[in-house]
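Down below is the structure, laid out as structure tokens.
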């Protein structure tokens, strides 16, 4: 039998056979086991809030989870955009939720907004990288690992009633391949219903024309397909947030009180808050988590592994095992290491040669300087000797002249003394 036939048979997967059970086995409890394990482990959910300062991000979070999160008030004078994550442990019935709310503080407050999206992208990538590093550990513990990957980005749109700002389009375009984006119109009670309807159509048209991929509620699950399809048509959600309770009729409701009336947060005729809560928390929270892992994180992971040289197949679509990839990378690394060592050795040799040439040049310069100083010294010595000889000659000449002068002075003195004696002799005669 040919080798190709053997490979074909060895790689062929046998068709599974359907068998009937003679009695109860017990694996029908697997869903219950999974639920019990999940409840014991708890869940994590991470929300990124992007929007201008003062647009109502904190208020909406408080309204969504029916609690009050302790948050610092943001200033309008931030020099740059910074991400501020805060984690809370929540419990409803016997389900524990580790909720992380990440606020993009200072977004849209700078004069130069060209790079406003960069800190947000870097933060999302940093959470992906942290999870990837945990996965690549030899001794990893994903069960206990606190997953900080962003599961959903609530993008707060200013209710201008006209169109999206260029900053919004650029930012959402940069984020759509990294996170599930749900656009929402904040403070929807500031514009009329007719303006709001036109604004929604305008926003969706601009998102489509600019190729921005927002999160679509899944319709492949029959249990939620119908409601999700209906809710996809309501995007972006126009929301109003409030933690204040106002008495309407005989009951207290969360609402915003105005001189002209009351806007009820949970009244679907007033805003889309209930739709957002249903879609975000009660229906699609697990899908958002799954999409983050299977789509956005997998894209990041694949790109990172390809950068590291890992791939599933070669150019001929032949599958690579991890061992083959490791060996190929090891050979590549050793070859690169050898090349680097050779380059360093050659650089060292060249450096030694250059240093030797420099030392020889310095030695030659020093020798020339020494010879020059030696000649100067000899010339100075010759001049000194010549001066000394001239001085000795002048000294000898001076001494001779001095002796001659002294002799003349002695003779003159002697003659002067002899003259009076002669005169005395002449007088005596």
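Glycine is no exception: its Cβ is also placed from the backbone N, Cα and C atoms.
Listed ranges 353-375, 376-398; the one Swiss-Prot annotates as region 'Disordered' is 376-398.
Shown are the binding-site residues 51, 57, 190, 193; of these, the residue with the fewest other Cβ atoms within 10 Å is 193. Broken down with DSSP, the region 'G1 motif' (51-58) shows 2 helix, 0 strand, 6 coil. Long-range neighbours of the region 'G1 motif' (51-58) within the same chain, counting only residues 6 or more positions beyond its ends whose Cβ lies under 8 Å from a Cβ of the stretch, are 69, 71, 74-76, 78, 103-109, 154-158, 186-187, 241. Mean pLDDT, taken over the region 'G1 motif' (51-58), works out to 90 on the 0 to 100 scale.
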